[in-house]
Amino acid sequence: MGCRLLCCAVLCLLGAVPIDTEVTQTPKHLVMGMTNKKSLKCEQHMGHRAMYWYKQKAKKPPELMFVYSYEKLSINESVPSRFSPECPNSSLLNLHLHALQPEDSALYLCASSQ
């Protein structure tokens with residue numbers, strides 16, 4: 001088999017969070033091939049008006065990917081189109097993934113703020 005068939009992007013999500021957290025991210029771990037389509041869900045229950053998705057590669061600081069604030073979605077222009085956000089309401093910010101590349105292997109983090 002060719003290298004492309006064996007290649008997969010490993011997406012690790014923050015798993016060490018306090019039990020009483022009001023921001024949840026699911027699934028906590030995700031391994032997917034380059035042709036799969038998956039979604040990451042970020043949900044907050046604090047009434048915050050802003051939500052964020054970050055990408056953090058090994059030994060690098062987090063990079064802001066998307067912001068949903070006051071019912072407006074802002075997209076970092078450097079984020080490839082294989083990542084697409086969806087905000088069905090002010091407490092959810094989903095991240096849809098498709099056709100990932102090996103360089104997409106990273107820690108994906110969601111957050112919220114007032």
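In case you wondered, yes, glycine gets a Cβ from its N, Cα and C as well.
Of the listed cysteines CYS42, CYS87, Swiss-Prot assigns the disulfide bond with CYS110 to CYS42.
A Cα-Cα distance of 18 Å separates ASN76 (N-linked glycosylation site) from CYS42 (disulfide bond). Of the listed glycosylation sites, namely ASN76, ASN89, the sparsest CB environment within 10 A is found at ASN89.
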